[in-house]
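Quick look at what Swiss-Prot lists:
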- 26-46: transmembrane segment (TRANSMEM)
- 53-73: transmembrane segment (TRANSMEM)
- 104-124: transmembrane segment (TRANSMEM)
- 160-180: transmembrane segment (TRANSMEM)
- 193-213: transmembrane segment (TRANSMEM)
- 233-253: transmembrane segment (TRANSMEM)
- 258-278: transmembrane segment (TRANSMEM)
- 288-308: transmembrane segment (TRANSMEM)
- 334-354: transmembrane segment (TRANSMEM)
């Protein structure tokens with residue numbers, strides 16, 4: 001039995017259909033990192049730390065975060081009904097639908113609110129830089145043509161950034177919250193450290209994609225590279241610790257069913273430990289820095305696949321491990337949202353400047 005939005009509970013035969021949440025859910029869970037990028041942009045503005053990376057954080061964050069509501073995070077079991085999260089949100093308890101739907105709360109209320117706040121924040125931030133850039137999209141300066149006018153906008157930007165921090169932070173644990181609530185999946189309901197695991201993964205994905213974009217854009221600024229490496233390495237070692245602790249907890253239970261997910265967890269933990277070591281080395285030897293985020297993102301892919309796909313293969317009936325049965329078009333479905341996010345990234349990076357002068361920020 002599983003929850004399907006908006007109809008309610010549905011029943012299935014796990015032996016006829018071992019995989020209910022297809023790999024496309026894995027892609028959307030990756031794109032949640034857009035919320036972390038928006039969070040980093042807001043914190044950078046408020047603290048003054050990593051300020052030169054704010055344009056990159058905003059462009060990447062909006063590109064990723066814009067995509068996540070288009071599919072399975074609205075209804076991972078029945079993604080074709082995703083639009084109903086906006087048209088039929090269950091934000092209040094009714095006789096037909098008792099309680100409040102977490103999916104409706106996030107998709108019908110929190111996503112539009114977070115997106116609108118982030119978009120206004122980004123437009124205000126880029127207003128004067130767009131005037132200085134000129135060209136076709138200079139109208140996005142919204143009449144802000146002087147440093148004095150831009151300075152008057154900064155209090156409003158700080159208020160929006162302060163609002164954006166808690167809104168974005170709530171998204172970092174949303175996939176973990178959604179998976180953990182699926183008590184009909186044995187592995188997920190017993191994955192006690194799922195929320196901190198997702199929190200660490202989103203930071204690794206966010207900082208990893210930012211580091212990759214840093215090199216693709218040929219930026220040369222230690223004020224961006226070094227702090228990003230620090231956050232990236234801290235998230236990697238923390239996530240390795242979470243995975244090791246979770247395996248230790250399962251080991252104390254002595255339950256053989258978790259053998260289906262432990263090998264890939266071990267591999268992911270080793271990858272994240274190696275990532276941490278490489279971040280320390282690359283702080284001195286910059287040439288190896290591009291390897292670090294690629295390795296870390298590979299670890300995230302391994303870990304998410306293990307959680308989402310292998311986690312479903314542990315029988316809910318206690319009958320051992322099931323065989324995976326994926327839909328024929330699973331790869332195209334999994335790649336499409338990531339491709340759309342990359343397309344948005346290309347468009348936004350063409351419109352908005354990836355680097356902003358200090359006096360214009």
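Each Cβ is built from the backbone N, Cα and C atoms, and glycine gets one as well.
Looking at 104-124, 160-180, 233-253, 288-308, 334-354, the range that has the most CB pairs within less than 8 A of the transmembrane segment (26-46) turns out to be 160-180.
Here the transmembrane segment (288-308) touches the transmembrane segment (193-213). Their Cβ atoms form 3 or more pairs under 8 Å, with each pair 6 or more residues apart. Cβ atoms under 8 Å from those of the transmembrane segment (53-73) belong to residues 21-22, 24-25, 28-29, 31-38, 40-41, 44-45, 79, 82, 85-86, 103, 106-107, 111, 114-115, 118-119, 121-122, 125-126, 129, 171, 174-175, 178, 206, 209-210, 213-214, 217, 224, 227-228, 337, 340-342, 344-345, 348-349, 352-356, 361 of the same chain, restricted to positions at least 6 beyond its ends.
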